[in-house]
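Trainee: Before anything else, here's the structure in question.
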Amino acid sequence: TADEPFSASFFPLMKKGASQTVVGLIFGCYALCNLIGSLIMGRYIVQIGAKFMLVTGLFVSSCCTILFGLLDRVPGGPAFITLCFLVRSLDAVGFAAAMTSSFAIVAKTFPNNVATVLGSLEIFTGLGLIMGPPVGAWFYQSFGYEVPFMLLGCLLLIMIPVNICILPTIVADPSKDSFFRLLTNVKVVLICYTIFTLSAGLGFLDATLSLFAIETFDVLPSSVGLIMVGLSLPYCLSSPLIGYITDKYPVTRKWFLVTGALTTAVGFCLLGPVPFLHIRSQLWLLVFMLGVIGFSLSMTAIPTFPEIITCAYDQGYEEGLSTLGMVSGLFGAVWSSGMFYGPTVGGLITQHLNFEWAAAVQGGLACLAVSNCSSARRSMLEKEVTNSEKNNVRFHFL
């Protein structure tokens, strides 16, 4: 996770004939290839092997990270742009393989504590988001463009033998189930929309927040990373606790989804704030709302993965690696689509209107997720009542 923040920050400094539109497409193709790769890896995780997929994904991603740091040696023009697209696309596929397999392995190894383990792992995601920009900036200023990518790529390579020694080899039979059958479940579709709004919001902030803070509050570019700590720190600190609660009391997942989506909507609307509220933009309010959004994201994101697994099992899917791989692939694909939508549409709205209205649109998407989660919860309650009535009728008949 540390790779994305500083690669997106430093890459425009060495455009070499690539327009801003081309730079945006280079980073946009990452989300698109990640989406496709997640679906393919999730579908064939049993045939490929979860451990082999993870190790291979780490190797491809580490090599692409190192190659991305060497691109400044390529002469500007079509060759440079083509290599950029190629490296980013391969990196996305490698990342999709590593993430899809890692989520599936976690769910297979800790079937009763999926949210707790994922929440604990999100601590390191938050640390990567916090440390990526400042540490990458220091290496960039001290040693140049290549060194940060070389260092991160080598760290990933070191993790390969560690994973080979530690991770278990999981043997499983392939399933005949598919993504399409899983998406016939209305509740799964609504949860996927919630995941989409989360990643879209993060992608939007990654693309627009730094420029808004610099122009509105005269913040130094080197200090923008400190503002983003307001988002990352509450997220990584609260994720383990929310994971533990939702594992111990699964009924709370629905409440966390609804409350988290509502809090996210409020946070985005006050981030600017939205113009019709007539509240003046202030730096402390911006940082505070980022903290609110970070906490609400953990409330919403952590329960989604185990909840989709529960829906799949309730729908008749086999309890095994094949199902977990499909759920992991679906999660990664939806997340990638949001990461593509957020910067693209959010950037267009910011360009034609302003940051305040663009943030309000993201809040509207989250608000719609609130109604979707509420509808899903009502349908589940109705289903439980119906099943209870059927059981009572069967009991009286007997």
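Including glycine, each Cβ sits where the backbone N, Cα and C put it.
Found this in TrEMBL, in case it helps:
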{"type": "DOMAIN", "residues": "1-398", "note": "domain 'Major facilitator superfamily (MFS) profile'"}
{"type": "TRANSMEM", "residues": "20-40", "note": "transmembrane segment"}
{"type": "TRANSMEM", "residues": "52-71", "note": "transmembrane segment"}
{"type": "TRANSMEM", "residues": "77-106", "note": "transmembrane segment"}
{"type": "TRANSMEM", "residues": "118-141", "note": "transmembrane segment"}
{"type": "TRANSMEM", "residues": "147-167", "note": "transmembrane segment"}
{"type": "TRANSMEM", "residues": "188-214", "note": "transmembrane segment"}
{"type": "TRANSMEM", "residues": "220-243", "note": "transmembrane segment"}
{"type": "TRANSMEM", "residues": "255-277", "note": "transmembrane segment"}
{"type": "TRANSMEM", "residues": "283-302", "note": "transmembrane segment"}
{"type": "TRANSMEM", "residues": "323-342", "note": "transmembrane segment"}
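How buried are these features, and what lies next to them?
Mentor: Within the chain, the transmembrane segment (20-40) has long-range Cβ neighbours (under 8 A, six or more residues past its boundaries) at 8, 11-12, 81, 84-85, 88-89, 91-93, 95-97, 99-100, 179, 203, 328-333, 336-337, 339-340, 343-344, 347.
Within the same chain, residues 5, 115-120, 122-127, 129-130, 133-134, 137, 205, 209-210, 213-214, 256, 286-288, 290-295, 297-299, 301-303 sit at least 6 positions outside the transmembrane segment (220-243) and bring their C-beta atoms closer than 8 Å to a C-beta of that stretch.
Listed as Cβ neighbours of the transmembrane segment (255-277) (distance under 8 Å, sequence separation of 6 or more from its ends, same chain) are residues 191, 194, 197-198, 201, 242, 245-246, 285-286, 289-290, 292-293, 295-304, 307, 354-357, 359-360, 362-364, 366-367, 369-370, 373-374, 377.
Listed as Cβ neighbours of the transmembrane segment (283-302) (distance under 8 Å, sequence separation of 6 or more from its ends, same chain) are residues 115, 118-119, 122, 194-195, 198, 201-202, 205, 213, 217, 219, 227-228, 230-235, 238-239, 242-243, 246, 256-257, 259-261, 263-264, 266-268, 270-271, 273, 369.
Below 8 angstroms of C-beta separation, residues 28, 31-32, 34-36, 38-46, 50, 96, 99-101, 103-104, 107-108, 175, 177-179, 182-183, 188, 192, 195-207, 304-305, 308-309, 312-313, 317, 362 of the same chain, each at least six residues beyond the ends of the transmembrane segment (323-342), sit close to that stretch.
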Trainee: If you average per-residue pLDDT over the domain 'Major facilitator superfamily (MFS) profile' (1-398), what number do you get?
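Mentor: Reported value for the domain 'Major facilitator superfamily (MFS) profile' (1-398) is a mean pLDDT of 82.
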